[in-house]
């Protein structure tokens, strides 16, 4: 079977790890920052050397294309090149670099193909500098209002519009990905969780992106002096919150074992050791691929009484997303190809969001996951062994060629 | 029986409520602030008008004295005149104003007494501008190092020393309260809790100040992505904290019903709704007059396992104080006098700290509590009906005269 080149892939990973290098094993490569622009320049230089044609759209998404039959839509690979603050060398960029390696393999091995083949960089996936995340894939698929996005500011007060205009990568609206011009997207990404490594799986066959709900809970009690208020008089909002978190754990643990839920954020007011808290808030994030399970979570939330430990309890939805299912035929290609290479596979749904979940609304899309060592991600310790990156690239190559043949 | 004057007491409360008036029913009268200096000026003016002699010591504590037999030590009444930010018109200042009203009654009614009688204002009881609380009673009783206190800074970087020197109230070390010069202290204070009002009690007969312990608990887990980490892999520090707070409630509720305990402060790291918390801290404040009950609390704390929900659990003492017992004979005077006036009484220990708890180490001391409406304190809603203030003043007057006779 056709395969990518290990040394070349290593060189790509090493080279790009310099752009935004924190000196501690990771990178800070916020969207459209000088470090991100260096990475874009290197990407374009390498694509041009392979004879690829480069276009950018009005959101600075980069499309680098190996020509094919000009009457056929292109097949896309790729991901994002920006990172969170003190992030790792794999999240996003590995999808770009394996895409580039597949392109290099196709060009240097002169592998025949009918469709044009494009490697894409989506602008500002992380939302770490300009909120929200997945901004540019969101704009071109109609999820976000472009004017609102252009007004998004970083911590220094620079708008996304200003950063876009200064970047040199802002192109034409006509260059946006459309179903007429593009046939498919295959996005390779690191798992960002521990399952593949723990179960010794080479390739995560990603069936979709889990639906999720995010709720904020509020408990209103009475702030009183810790030393003067007998227990029976108290309306302790923190204890009401504790009781409710325990209730949520007890009930949610009875649901399907694939459900993940998290109380990640908590705040207490006035948060003084000698004052009984009068206002406590916490969040619940819950994810599962089956909307029925998400509904069960909702029922459990709705069963919280209006009064908990004499405190007023309330909750409201902060945000949610429905489960996204990728193109089943492409999902099958990924699985078949991985197995033909002799790689172990596991079908799974992505917990985190990815550009692919927006793109799939417009064109047939799928994803390939490779293991994250110890599940670390969004940190400098993020790591995927080269061998696993190469396996992912090989499956990506074969899947793109399968789509091309269809 | 001799009694204080209701209209005069009302005038004092109304007049002093102007100094630092927030316009919302309360005051902000931080220690040695312009508002606090206005209150001191008014106090001194009124004391001089009564023929009292005014001295200040090196911590700006004010001692205003009705002369008596110069060979006898003085009997003190009083409290503090500073407030917290957006505090009320009763905490501290009511002890000063009832003392002043008692002095005015003694002077105007020409009540015979042998000992000199002093009204005191202790500087910086609240510690709201310069930490710690009870600073000046602490310095003159050897609890705090004066040089360290002088270096204490407010949020604008002004040291306590600078504020002291600028105040015009810094006097001589020789003027400090000593057991040779002072025979007793009786401090009237608002309860700052709901018990007296709720049980329809006029006078709290304060036997002492509760011992307390304050512990900080830490739970160290693993920060992972909320969407990628199956429940079984998690080390959720917030859930470990929740389990432990529930354990503490379950166990501490089995102890004596007079025990009060509070988890007032909690923090989670990184405190992001999509990240499993890796570090959670909370505090436990526990108070009871019986050291044996405090020991039982300690045993419950020590029984927390080293590992809770796969997270590393640890705790350390932030601070503590032993129970303070007031002078039993003076405590009896307060109770007897209240009953002779026909007032309802309840023996109790103070939960919060007061200057009196330091002073009692040096000279015989006791306290008188009057009810706080709904237990509100350290807020603008703090209120004690005039009738209750007057009852307190009457008991204070009689108690000082009892001590004088002894």
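Any Cβ shown, glycine's included, is placed from N, Cα and C.
Predicted automatically and left uncurated, TrEMBL annotations should be read as such.
For B:80, B:91, B:189, the entry in TrEMBL reads Zn(2+) 1 binding site. According to DSSP, residue B:91 (Zn(2+) 1 binding site) sits in a coil region rather than a helix or strand. Applying an 8 A CB threshold to same-chain residues 6+ apart, the list for residue B:91 (Zn(2+) 1 binding site) reads B:83, B:84, B:189, B:190, B:192, B:377, B:378, B:382.
Annotation comment: TrEMBL describes B:91, B:126, B:378 as Zn(2+) 2 binding site.
Feature annotation from TrEMBL assigns domain 'Peptidase M20 dimerisation' to B:210-307. The residues of the domain 'Peptidase M20 dimerisation' (B:210-307), classed with DSSP into helix (H, G, I), strand (E, B) and coil, number 31 helix, 30 strand, 37 coil.
Regional average pLDDT for the domain 'Peptidase M20 dimerisation' (B:210-307) in the model is 96. Each of the binding-site residues B:80, B:91, B:189 was checked for a CB under 8 angstroms from a CB of chain A; none meets this.
You'll find the Cα of residue B:80 (Zn(2+) 1 binding site) roughly 8 Å from the Cα of residue B:126 (Zn(2+) 2 binding site).
Same-chain residues with CB within 8 A of the center of the B:91, B:126, B:378 CB atoms, the Zn(2+) 2 site residues themselves not counted, are B:83, B:84, B:87, B:88, B:92, B:125, B:128, B:192, B:377. Cβ atoms within 8 Å of the centroid of the Cβ atoms of B:80, B:91, B:189 (the Zn(2+) 1 site) belong to the same-chain residues B:79, B:90, B:92, B:93, B:94, B:95, B:125, B:190, B:354, site residues excluded.
Around residue B:126 (Zn(2+) 2 binding site), taking its Cβ as the centre, 23 other Cβ atoms fall within 10 Å, counting all chains.
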